[in-house]
Amino acid sequence: MSPQTETKASVGFKAGVKDYRLTYYTPEYETLDTDILAAFRVTPQPGVPPEEAGAAVAAESSTGTWTSVWTDGLTSLDRYKGRCYNIEPVAGEENQYICYVAYPLDLFEEGSVTNMFTSIVGNVFGFKALRALRLEDLRIPVAYVKTFQGPPHGIQVERDKLNKYGRPLLGCTIKPKLGLSAKNYGRACYECLRGGLDFTKDDENVNSQPFMRWRDRFLFCAEAIYKSQAETGEIKGHYLNATAGTCEEMIKRAVFARELGVPIVMHDYLTGGFTANTSLSQYCRDNGLLLHIHRAMHAVIDRQKNHGMHFRVLAKALRLSGGDHIHSGTVVGKLEGERDITLGFVDLLRDDYTEKDRSRGIFFTQSWVSTPGVLPVASGGIHVWHMPALTEIFGDDSVLQFGGGTLGHPWGNAPGAVANRVALEACVQARNEGRDLAREGNTIIREAAKWSPELAAACEVWKEIKFEFPAMDTI
């Protein structure tokens with residue numbers, strides 16, 4: 001017998017395939033405060049027991065592979081393996097289970113969302129023994145949270161920078177999203193900002209196309225910001241989209257924005273990637289720029305109920321990677337978002353501490369310790385009639401963004417902005433006076449419209465517009 005064979009025998013190596021559950025299903029395991037905990041919605045293939053499916057998820061997203069390997073004997077699997085420690089059937093669903101998996105913290109590189117996701121939502125999602133797999137939630141331990149910078153500035157610092165308190169912030173996405181020249185684009189920004197909005201925004205598609213190169217857009221938008229600030233006496237901003245084909249080009253655009261003295265830049269964090277996003281976030285913190293985050297591509301990942309990843313996980317990942325704003329759905333507009341579920345991950349974005357609450361889709365209690373909060377952005381198919389509901393649902397720490405609801409005003413961009421600002425101020429005043437926005441919302445808007453012809457015109461245009469489809473994202 002060769003020395004190598006003797007060595008393998010001495011560590012108890014036995015070639016072949018064995019059930020995952022023999023190693024990775026550990027219902028007796030007591031989770032540690034330092035474990036990353038994951039809740040997976042697992043749909044096994046017919047004939048695969050839930051214990052084997054849950055153990056397979058734990059194995060394939062940590063130390064396991066399809067067969068025994070002799071190098072297992074060179075390390076401590078008990079220290080590094082993921083463990084499926086609990087399985088619950090999903091009410092009302094046949095052959096679907098919530099499998100809870102605990103991962104030791106040593107499996108992950110410090111300060112890297114990229115590395116965390118490569119393991120937890122990596123190849124396991126293509127595993128043949130599973131019909132479908134969805135990551136519903138993650139518990140990020142405090143020990144891991146503290147390895148991240150998080151948002152560049154956070155909610156309070158942003159309010160101090162802008163000198164705006166006691167109300168939601170107002171924004172507008174410039175439309176048409178593609179095709180305008182840089183000068184016309186800047187003019188549209190100026191009209192919206194002078195009318196009363198706090199921000200205007202590049203659409204997520206706007207990078208540096210032939211019809212409008214990024215440098216020209218940045219210059220004309222900066223002119224719009226400074227001109228509107230001089231006229232209104234308020235601090236204004238435009239989300240200059242720095243997303244680019246390379247990290248180097250992205251940072252170059254952010255540097256130019258800083259040189260122009262504008263307050264905020266923007267990034268498409270899913271299409272751009274978490275490595276790029278974290279790099280940009282760190283640059284923004286070091287150089288005093290706010291960072292607006294768009295979630296383009298999220299519905300490819302989170303829309304299906306039984307496969308992919310819930311947006312609350314993407315929201316937590318963004319808070320780690322860094323961003324001061326992120327789009328979160330509206331509940332009342334044209335884009336997906338059920339109220340309790342949406343408010344669940346909005347709290348995960350803003351609050352220091354969020355209790356487990358399955359009725360809102362929150363599977364784990366989450367502490368963010370001193371990580372700054374992120375402002376949720378409500379955007380997509382909203383207009384002045386939605387203002388009471390938006391104010392009541394999202395509260396002051398939010399950004400309400402009206403694209404078509406500003407630019408579609410029959411009198412132009414500036415009157416559209418005036419209408420939104422008047423509607424918002426009326427709703428905030430009514431709320432502060434103790435009125436019920438949910439019940440009296442339409443009355444509040446009508447009363448304000450008597451004193452604002454711009455608001456009255458907006459009310460008339462959008463009085464019949466509704467987006468009433470059932471939400472896909474339900475418990």
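Cβ atoms here come from the backbone N, Cα and C positions, even for glycine.
Listed in Swiss-Prot for this protein:
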type     : residues         : note
MOD_RES  : P3               : N-acetylproline
MOD_RES  : K14              : N6,N6,N6-trimethyllysine
ACT_SITE : K175             : active site, proton acceptor
BINDING  : K201, D203, E204 : Mg(2+) binding site
MOD_RES  : K201             : N6-carboxylysine
ACT_SITE : H294             : active site, proton acceptor
Cβ-centroid neighbours of Mg(2+) site K201, D203, E204, 8 Å, sequence order: T173, I174, K177, D202, N205, V206, Y239, N241, M266, H294
Which of K175, K201, H294, all recorded positions, has a Cβ with the fewest other Cβ atoms inside 10 Å: K175
Pairwise Cα distance for D203 (Mg(2+) binding site)/K175 (active site, proton acceptor) [Å, integer]: 8
Long-range Cβ environment of E204 (Mg(2+) binding site), under 8 Å and at least 6 residues apart: N241, T243, D268, T271, H294, A296
Protein Cβ atoms within 10 Å of D203 (Mg(2+) binding site), excluding its own: 18
Rounded Cα-Cα span from K175 (active site, proton acceptor) to K201 (Mg(2+) binding site), Å: 10
